[in-house]
Every structure is written in structure tokens, then in C-alpha cells.
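*Asks:* Before I ask anything, let me first share the structure, which is written out below as C-alpha cells.
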Amino acid sequence: MDVTRLLLATLLVFLCFFAAYSHLPPEEKLRDDRSLRSNSSVNLLDLPSVSIVALNKKSKKISRKEAEKKRSSKKEASKQKVARPRTPLSVPCVSTRGSCKPPAPACCHPCASCQCRFFRSACSCRVLNVNC
């Protein structure tokens, strides 16, 4: 009785392994170098060829010029943004990320609030809701 159960269990394991292994397509099966060399079904001529094209000096210069134009336009755009001076606020208030310990005035940003940490020893104005 024990021999029969052992034989049936072995047969069941073999059938499960065979069923799982047979569902793999032939390309995904594991192969070593020897089987690849001996197998004639894998033909290297069937693979698409790769063409390598060298860039000439003119195309390199054009791409460099384009890159320089992009860099200069980015620098000009950043200079234009920085050139705008901010109007000073006449109301006494604390800027964002500035220290706002309790005797200090309120935060300048309407959506900012004063948050304190470490038992109110370090306080700063922070914007909690970006979409405010």
C-alpha cells in the first residue's frame, strides 16, 4: 500500500512538472551554449541586421549650434524672470520659511501658517495647501 502511494505521488509530481514545462514556448526554454551551437533551427541570418552610421563633422556642428542656441535662450529667459523686482510690502509680516516665534507678526502669504517644533523653540511660516 505504501509503495503504491509513493509511486502515485511520484507520477503526480512528474505530470505536474510536465504540464507546466510544456506550456512554455520554445524560445523561452533554457538552453546552454552547446545546445545553441548544435541546434540548426536557430539561424543567425534570420536576425535583422544593424546598420551603424557615422556622423560627419557638419552634422556635429549643426547639433552643437542648436544646443548653444537652446542654452542661450534658456539663459535669456531666466535673466528676464530674475530681472523683475519685487515690490516691498509695507505691512510688517514674516516671509515664507522665515522665523515666526510668537511675538513676531503674522505670515505674509495668505495660505501660510506658523508652525512650531521642539517645544516652540523653532517656528517658521509654511504653506500647507499649495492649491490655496
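Note: Cβ is positioned from N, Cα and C throughout, glycine not excepted.
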*Asks:* Scan C108, C123, C125 and flag the one Swiss-Prot records as disulfide-linked to C116.
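*Replies:* Among C108, C123, C125, the record in Swiss-Prot lists C123 as the disulfide partner of C116.
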*Asks:* Look at the disulfide annotations in Swiss-Prot and name the partner of C132 from this list: C107, C108, C111.
*Replies:* C111
*Asks:* Per Swiss-Prot, which of C16, C114 is disulfide-bonded to C100?
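*Replies:* That would be C114, the partner Swiss-Prot lists for C100.
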*Asks:* Consult Swiss-Prot and report which candidate among C107, C108 shares a disulfide bond with C125.
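*Replies:* Answer per Swiss-Prot: C107.
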*Asks:* Could you tell me how many residues in the compositional bias 'Basic and acidic residues' (64-79) are helical, how many are strand and how many are coil under DSSP?
*Replies:* 16 helix, 0 strand, 0 coil
*Asks:* Provide, as an integer number of angstrom, the distance between the C-alpha atoms of C132 (disulfide bond) and C108 (disulfide bond).
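*Replies:* Between the alpha carbons of C132 (disulfide bond) and C108 (disulfide bond) there are 14 Å.
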